[in-house]
Amino acid sequence: MLHFILVLVGGAIGSGSRYLLSLHITRTYPGTFPYSTFAVNIIGCLLIGIIYGLAERFQLAVHWRLFLATGLCGGFTTFSAFAYENILLLQNGNYTAFTVNTLGSCMFGFTAVFLGVMLTKISI
């Protein structure tokens, strides 16, 4: 139960941080390009890299990994987890899985969003 609470609290902090940062970036850089999402995804990738790097170097306890990586970064952006998992695939020499995961996630993700939007336009 403690692990669940740690992920929950970390997720709340990550989500709140994403919201505040997105507001700031959108106000600072208005326009059609999604600067806030782009920035959040890149910052999240940097954070999860730092967290997992420090976790390995200093044998960080599992509850800290859950709070910081799964909770905080997961609430901030799931793109960071996607990027980290792909790095692991590359490091393990699993190039086929890396390619399938990268291309598949992008293609199916975009397709799923498109289908979701289209489903909202169907008259019942």
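Cβ atoms are placed via backbone N, Cα and C, with glycine included.
These features come from Swiss-Prot:
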{"type": "TRANSMEM", "residues": "1-21", "note": "transmembrane segment"}
{"type": "TRANSMEM", "residues": "35-55", "note": "transmembrane segment"}
{"type": "TRANSMEM", "residues": "70-90", "note": "transmembrane segment"}
{"type": "BINDING", "residues": "GLY74, THR77", "note": "Na(+) binding site"}
{"type": "TRANSMEM", "residues": "98-118", "note": "transmembrane segment"}
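Three or more CB pairs closer than 8 A are found between the transmembrane segment (1-21) and the transmembrane segment (70-90), so contact between the two stretches is assigned (pairs 6 or more residues apart). For GLY74 (Na(+) binding site), other Cβ atoms within 10 Å of its Cβ number 20. Counted within 10 Å of its Cβ, the other Cβ atoms near THR77 (Na(+) binding site) come to 23, all protein chains included.
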